């Protein structure tokens, strides 16, 4: 069947062209309810409007920025002249100040004045957005502005003032598209064209029935159809509404973003949506600026405003260029800013409102199943038309044979109307509207469960694609390890020591000369991006990365005082750590007035920049080649014990050295530290699970290759035949060489983000792998976007990395990633189960009515009965089969290939086999049922038709159970653990009893004897041994060998 599907339905998971999206939607034919079918896909018209709106906003911001740069240049050029004439302008300046004061407070509410604010919110809003440097100078810069906002730049906002600030200046929230009510979903379900036609038929039937048969008998047929339509609409609406609530909960989880602020004199984390005007926000690499603000202080702060202006060139932020726009990304450095504008008053807020009007991109499986649904729908429509034509022609021929062609009664009209209703209902059943929607249902269910298991899926397609992953490129720190770091060993002054956290200070400093000890503490407390803070209870804690925290903890263990060191020295320049340089450097002024540089980072990189080291007497000595080799042996020794190694170094700056420039060489080595980061519990088992599932695990880390290999062996990633390579060596390989070595690479050490990107890109393009990659840093965004599935770390990951990712691993645990893969496979296999079940029902329902119409001139299944079957097959079937939880067996088979057929030969074997059995039974009953069942009463025809309907439904109930596993014989495994499945099967059986026994007037049924009930159930149950027999029939399959040697598992009884 998939060979018949147009190429327009084969879309890549990422980076689709708008033309491709338009083409597949045009190719979709016979859609009963476009409103429902395309509810969760991108609205292309709104996307165009959004893009146009964004373009206008960006242009406005860009023009404002260019005008601001020009104004700065003009001010700088005229600065000297202004200084000479400043004395003459004092009096006029004072007069202007009075005017400015009136300008800023004009219209200010009494509540705001009482709270100590002296600037109107409307004056603040355009300050940053229009880069109004002139107004900022009138306000006397950030200090003057903070006074007007009644906030101390050192102490921050008081928690008690937050509510009043939100009332006056607004909250940091954006206008969002309102969520739909339940009745909107009911209305959308009613948009189904076939249901509308059936409702019209029902109304006509009631009208004709009342005229011919009177009240109330004439209403029963029409009311039965109306009741069935309402039931279908309500069940559909409830299912869709619950699904929308799941997506709403996921969206809420996505918005849990936190930022560090100073409040109540302490540094703390708050949600970005709780920020208020006046907050002092701390920014670091990878953060997204959460509101408009003014720069207070910082080091080497570089921001990327491309999401706002479209300009890719990063902007330096400092005292002379102090404006920070909400939505900008911090690319380098760190700093503090004063929040001036929040929420919808910012340009970013207006952009976010526009972006919220878009839709989620459809997944590849949804698109493919739309193609399958189109083909089946066309076949179904053809059968419906043929059935109607056959029934009508037979009816007309019979009238002609009885010479009644000129005599027409209302009964004839009712008969033709019933034929038409049956034909329309065949279309209802035949068009599998639920196929693509079942994917959304299954993905929504999986996403909700994964959220409970610490994985936040940001894009629907990621969960689906993860099931096909053949390779996971994972970080080491925090993913394979716990990220709870501690200094375990040190080497200093030629002495190697093991650090015991329970030891006393004397244990550490007894063998270290005093001057060397002083330099060590300076290196630890001055050259860091982290802080030692005290909370309200006076308890000490460290804010920063785990590596920095481990070194600071070691410094505190040595008896060092963070605040004392920071007060005693002045920071002149900071070059924060980044994954390219693999080091951090600072330039400081010491208490004696001298300038000293400190650097720390990757051991071999820092060692190369050192030409001296400190000896046992605390004196610097020249590093010979032999000394360097000895130190490298120490580093490699630490690394082979799975310790992360860092070197600390310093250099005293001469007076003739370039001012505020951090040197790159000539350092003196202070110490080598080995940091222990234990392996996470369960990682080894998770890696083995991946290998059994045909998923290659590659560790990509910035650590020393010896550390990386030791950790990889401990995690069972690296074996003797595998390759460990360093990033610089890998990146210089040719494409042909890469193609040869990538399958063997299990560890890439000392890698940069660009090395990770190259590895991902070539794995996908050269080896056609489906690649999942983890990332936490700003520079990982490229690799995360390039990969089939980007996985960002929820704890260690930056906001930039999270926004580029498809899945956020909230606990940073590798085992969680494996769980995502398992759920991804579960989604794929669940949809296959549902498709197998639905196609079987489709074939049998179409054929039984068509064949009966051709031979006997009547259809055994009425419109109401077919609507009930449609409900079982479509909405209830999707809920039962598409929401089954995963089992461990899913991770004992290889991943599904990119080009593998979705409807497999095994599925066709089951569909055709079950269809033949059901059709054979139902047709025998239809044509010879009265004799076989010994039905002789006046109601024999009604009893037989009811029995056929009952048997047909029970065939579907047992076939639904059979569909729980496409290949294995034991279909009961884990069934009672899926309460949704058990609940739906039970509900279906109970409602079937109600329809047959109590709703016969509406459903055209009569009560059955217990013997006929038992026989219906037994005929349905025979479908189970039929399924066992079918699964024993071998199906010819191509063995799709993976590059890593895995073959597809065989089918048949050995899989029971």
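Note that Cβ sites are derived from N, Cα and C of the backbone, with glycine treated the same way.
Cross-referencing 218-238, 239-259, 260-280, 281-301 with TrEMBL places the feature transmembrane segment at 218-238. Given the ranges 327-356, 417-446, 447-476, the record in TrEMBL names 417-446 as transmembrane segment.
Highest Cβ contact count with the transmembrane segment (839-859) among the listed stretches 218-238, 375-397, 417-446, 942-959, 1010-1030 falls to 375-397 (criterion: pairs under 8 Å). Counting only same-chain residues 6+ beyond the ends of the transmembrane segment (417-446), those with a CB under 8 A from a CB of the stretch are 30-33, 36-37, 40, 192, 194-195, 197-198, 201-202, 204-205, 208, 221, 225, 239, 243, 246-247, 363, 365-367, 369-370, 372-373, 376-377, 379-381, 383-385, 387-388, 391-392, 395, 457, 460, 463-464, 823-824, 826-827, 830-831, 834-835, 838-839, 841-842, 845-846, 849, 859, 861-863, 866-867, 869-870, 873-875, 877-879, 881-883. According to DSSP, the domain 'Cation-transporting P-type ATPase N-terminal' (141-210) comprises 45 helix, 3 strand, 22 coil.
With a cut-off of 8 Å between Cβ atoms, the residues of this chain six or more beyond the transmembrane segment (942-959) that come close are 837, 840-841, 844-845, 848, 860-861, 865, 868-869, 872-873, 914, 918, 921-922, 925-926, 929-930, 933, 935, 985, 988-989, 992, 996, 1000, 1004-1006, 1008, 1012-1013, 1015-1017, 1019-1021, 1023-1024, 1027.
Each residue in the domain 'Cation-transporting P-type ATPase N-terminal' (141-210) has a pLDDT score, and their mean in this model is 84.
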